[in-house]
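Q: Take this structure, written in C-alpha cells, and hold onto it; I'll ask about it next.
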Amino acid sequence: MTDKLQSIANREEQLVNTDNRAEFSLGKFTPIELAWDKLIINATIKVGKTTTEKCLLNNLQGVMKPAHFTAILGPSGSGKTTLLNFLSGRLISDNLKISGELSLNGKRINDIDKFNDQMAYVMQDDILLATFSPREAFYFSANMRLTISAEEKAQRVEALIRELGITKCADTRVGNTQIRGVSGGERKRASIGVELLTNPSLIFLDEPTTGLDSSTALQVIDLLKKLAKNGRTIVSTIHQPSSEIFNNFDRLMLLVRGNIIYQGDAEQAIDYFATMGYQCPNFSNPSDYFMKLMNEEGLLVEKIQAGESEDFDDAQIKAEFEQRLEGFIENYKNSNMIKELDTHETALIKENDVGFHIGFVQQFLLIYQRSFLNEIRNPMDVKLKIFQSIVNAIMLMLVYSDLGKYNEGLQNRFGALFFICTGNAFGGIQGALHTFSMERPLFLRERINKTYSVHSFFWARSLAEFPFQIIYPSLCVIIVYYVIGLSDENVGKFFMLILIQFLTYQYAVSYGLLLSTIIPKIEVATALVPALVIPFMILGGFFVNQDNIPYIFYPFTYLSMFKYGFEAAVINEFDNISYECMPGQPCQPVEMLSISLTKWECCYILIGLAIGIRIFAYLALHLISSPEKPKLQPPESMQINNKPK
C-alpha cells in the first residue's frame, strides 16, 4: 500500500513539474496538417494458383491537425497500422496497390518521403542499444542527424532529457532481458526522445502504451499531450486505453475493417453514438465500449446479457453485425464530421535535404566508436567466446595429449589440426549470427530514418570487432600448440598457424554475416547452420581425400573454409621436415591428402573468399534495407468497395 501511495505521489510531483515547465526547447518548427482523401489500399493475396485482392483501407478521407493528439482505435485487423505506416511513409510491400490524394498544409503531394525530415515515427518496440544510456543514445543521434554546432547539440540533448523527465536515469544503461537497466516507462520516453531530437512537427506512434503498467502508460500519454499542446501533430494507434488515458485524446478515429466510422473530437464520441441508440453505460470506459461496438464478439456479449443468445446462431450474429457496421459507415458519411475535414493551404513545408546530414568518414567513426564500446560493455558475450576457445583447447589437450609418431601420430596430427579449424569456423559463424541479429532491428530503425548509409554501418561494424576477432581464434592455438606437441621446428610455424586460424575465422564471420543478413530470425538461422556448414566440412579434405570427392560435389570444395584452413595448417606442420610413417620409411603427408596448393596460396584464397562473401553480405544488407515502396496512384485508378470486408 505504501509503495502504491509513493507511486501516486511521484507521478503527481512529475505532473506538477511538467505543468510548470516551458515549451520544449528544441527550436522553431512549422506546424503540419496532414490530410488524405479517397485513399484505397488493396493487398494482392496468392493462395496456390489463385490470386485475390483484399481491401485494407476503403476510400478513406481524414485529417491530422496540429496542436491535437489524435488516437486511432480499432480491433485487430482494422487497418490501424496500415494507415499509420502509409501516412508516415513506412508502408513497405510489393503486393500492395495504393490510390488516393495526400496533402500537407493544404498543398497536394505525391511522395510523403520527401518531407520525412519534418516527421518522426516511434515504433511499438523500444529499439535502443542495451549497453548505452539514454544520454549516449541522444548524443549519437544528434551527432548523426543534426547539422548544428556541438554546443547547440549539447544544449538540445540536455534540454530534452529534462523535458522528458529522465534526468535521474539519463546515465543508466537502457538494458534488456539480460542487462539490468531503466524502467519500461523510461525506456519508452527515451525512444520518443531519440525521435524528438530532430524537432519534428508531426509524430507518429504505434501503440506506445503496449507492455506498460497503467501509471507508466499515463505518464507517456501525458508527455504526448504536452507535445500536442506545444503545436505538434501527434498521431497514435492505441489498443484499449484506460478511461484516464482516453480523456487525454483531442481527436479520435475509429477504424473497422478498413472503414472509418468516427473521426472528430474525442469528447463528443459518446454523444455521437448515443444519437444512434448506442449509449455508453455510466462509469464505463468509453474505449472498451467502442471496441465492443466494433467486434462481433461484442454483439454476442450484448445478446448474452439480454438473454437472447439462444435465439441466435453464428450466421445471424455475423449478419446483424454486418448490418450494424454498414449503418455506422453510412451514418458517418452523412454526418457533419466530413465537412470538418476540409483543409486550407497554409505555411509551405520544406522538402528534405538531399543525402545524409554528415559525410561517410564521420558516420564511420561514430558507428565504429559505438560498436566498439558496445562490444567491451557486453563482457558476458566476450567471456562466452573466450570460454568456448578455452573449452576447445582443453578438449584438444585431453584427446591429443600424446600425438605419438608414425601412422598413428600422422592421423592424430591431422585430427588435431582439423579440430582447431572446425572450432574456429563454427565459433566465427555463430558469433556473427548472434551479434548482427541482435543489432538488426536497431540498424533497420536508424536506416529508415536515414541516420547513416549502409556501407558506413557495415564496414564500421565489421572493423569494430576486428581486435576481438584476433583474440578468439588465436587463444586456442596459443594454449594447445606446444602442449600437444605440434611442430617445434621454429617459432615461425606457431605464428603461421595463428595467422591461418585468424583467416579461417574471418571467412567464417563473413559467412555468418551473410546468413544473418538474408535470414532475419536468429532461431531459423541458427537451426540452419549445421545444414549449411557441415557439407563444406565434409568436403574439407579430412573426411574424404580430395581425389575421391564425387565430381558433382567437387565445385563446392572451392568454397570450403575447412579445405583451405586445414590444408594450410597441414602444410605448415609438415613443411621442411622429414616424417616417418613407418620406422625408417619417410612419407609425404601433404601428398597423401592430395594437396596441390601452397600454404600462402591457401591464405590468399581465404582472404579473397572472406572479402568476397562479406561484399555479398553487404549487398544483401543494402537490398533488405532499401525495399521498394508502393507508389501512390491517382484516385480514379482503383475501385471503391461498396461493402466492408
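Cβ atoms are placed via backbone N, Cα and C, with glycine included.
As annotated in TrEMBL:
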type	residues	note
DOMAIN	42-282	domain 'ABC transporter'
TRANSMEM	386-403	transmembrane segment
TRANSMEM	415-433	transmembrane segment
TRANSMEM	466-484	transmembrane segment
TRANSMEM	496-519	transmembrane segment
TRANSMEM	525-544	transmembrane segment
TRANSMEM	602-624	transmembrane segment
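Help me see these features in their spatial surroundings.
A: Residues of the same chain lying 6 or more positions beyond the ends of the transmembrane segment (525-544) and with a Cβ under 8 Å from any Cβ of it are 414-415, 418, 421-422, 425-426, 429-430, 433, 437, 511, 515-516, 519, 553, 556-557, 559-563, 565-567, 593-595.
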Q: Which of 466-484, 496-519, 602-624 has the most Cβ pairs closer than 8 Å to the transmembrane segment (415-433)?
A: 496-519
Q: Counting only residues 6 or more past its boundaries, what in the same chain has a CB within less than 8 Å of a CB in the transmembrane segment (386-403)?
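A: Non-local partners: 409, 412-413, 415-416, 419-420, 423, 427, 471-473, 475-476, 479-480, 483-486.
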Q: Please indicate, using numbers and ranges, the residues of the same chain that are 6 or more beyond the transmembrane segment (496-519) and have a C-beta under 8 Å from a C-beta there.
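A: Distant contacts of the transmembrane segment (496-519): 420-421, 424-433, 436-437, 440, 462, 465, 469-470, 472-474, 476-478, 481, 486, 525, 528-529, 532-533, 561, 564-565, 568-569, 572-573, 599, 602-603, 606-607, 609-611, 613-614, 616-617, 620-621, 624.
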Q: Find the average pLDDT over the domain 'ABC transporter' (42-282) in the predicted model and report it.
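A: The predicted confidence over the domain 'ABC transporter' (42-282), as a mean pLDDT, is 90.
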